[in-house]
Amino acid sequence: MLQSLAGSSCVRLVEQHRSAWCFALLVLGYLLYLVFGAVVFSSVELPYEDLLRQELGKLKQRFLEEHACLSEQQLEQFLMRVLEASNYGVSVLSNASGNWNWDFTSSLFFASTVLSTTGYGHTVPLSDGGKAFCIIYSVIGIPFTLLFLTAVVQRIIVYVTRRPVLYFHIRWGFSKQVVAIIHAMVLGFIAVSCFFLIPAAIFSVLEDDWNFLESFYFCFISLSTIGLGDYVPGEGYNQKFRELYKIGITCYLLMGLIAMLVVLETFCELHELKKFRKLFYVKKDKEEDQVHIMEHDQLSFSSISDQAASMKDDQKANEPFVNSQSPTSNDSSLNN
């Protein structure tokens with residue numbers, strides 16, 4: 001008897017705080033996913049880092065042995081300066097001296113990466129004025145970009161997602177949920193093909209040092225706005241039509257970002273995903289819902305009364321002007 005009562009009370013407690021338990025599981029799962037990623041990255045990349053450190057150490061020691069007149073401190077000072085310039089996108093190599101990082105096309109590409117929050121980091125402002133302008137430009141530009149992308153995606157998704165789903169649902173009588181799932185899968189496949197697979201094949205041809213995997217990696221890192229900056233197109237010293245190439249990449253990044261947002265919005269509108277997301281949200285209290293409904297009703301009633309009053313005023317304004325006498329004047333004329 002006591003066990004059954006305790007079990008029923010536990011079930012009621014879990015049901016009453018279901019969203020809180022789901023949120024706790026979500027936080028725990030996210031933390032475990034972070035730890036899992038750290039373990040995998042560490043186990044995979046740490047041996048390669050160790051090999052690279054050993055190789056660089058051997059090259060440095062060999063260089064010092066071949067140039068006995070140069071001290072290790074002088075070499076390290078030179079390397080520190082070279083690495084500092086490389087972090088700002090300036091290379092001392094002779095084959096890279098012809099590429100400017102701040103011509104118009106490169107600056108346009110940099111502005112697009114800043115506003116889209118991709119931020120490759122291969123080129124950064126050098127002067128204090130450029131850094132200050134970058135802050136002001138980003139503070140205004142990033143919300144402006146979000147507004148622009150939201151408006152564009154809202155218009156595109158009407159013609160790309162909602163109308164096709166309603167057409168197959170109404171015209172052919174298919175289930176709306178089934179049509180929405182199939183449509184989302186097809187749209188995702190088209191987006192992956194047009195903005196990942198095909199561009200990756202193009203980049204692997206145009207970039208001399210990139211294979212298909214590295215090109216696909218660049219497309220994913222860019223369109224997901226991660227922007228690690230280890231692969232940036234158009235930075236080769238023998239790149240043909242570099243200005244036109246940079247403009248094309250800028251257009252590709254903008255169009256690809258819009259396509260990714262359309263696909264994400266399409267998946268977010270699926271009924272199953274909406275139900276799944278509600279598991280982690282805080283439920284509104286009934287009193288708040290009632291207040292919201294009452295406020296909505298009051299607004300609607302006031303708007304209806306305002307519309308009715310304005311319609312009456314318009315009707316009076318449109319009526320022909322008639323000289324009407326007051327009742328007192330009519331009575332006086334009758335008495336006379």
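Each Cβ is built from the backbone N, Cα and C atoms, and glycine gets one as well.
Note: TrEMBL annotation is automatic and uncurated.
Note that the coordinates shown come from a computational prediction; the quantities given were computed from them, not determined experimentally.
Annotation comment: TrEMBL describes 21-44, 135-157, 178-203, 215-232, 244-264 as transmembrane segment. The domain 'Potassium channel' annotation in TrEMBL covers 94-156, 193-268. Feature annotation from TrEMBL assigns N-linked glycosylation site to Asn95. The feature region 'Disordered' is assigned by TrEMBL to 306-336. Annotation comment: TrEMBL describes 321-336 as compositional bias 'Polar residues'.
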(request) Please average pLDDT over the domain 'Potassium channel' (193-268) for the predicted structure. (result) 90
(message) Under 8 Å between C-beta atoms and at least six residues away from its ends: which parts of the chain pack against the transmembrane segment (135-157)?
(response) 111, 114-117, 257-258, 261-262, 265-266
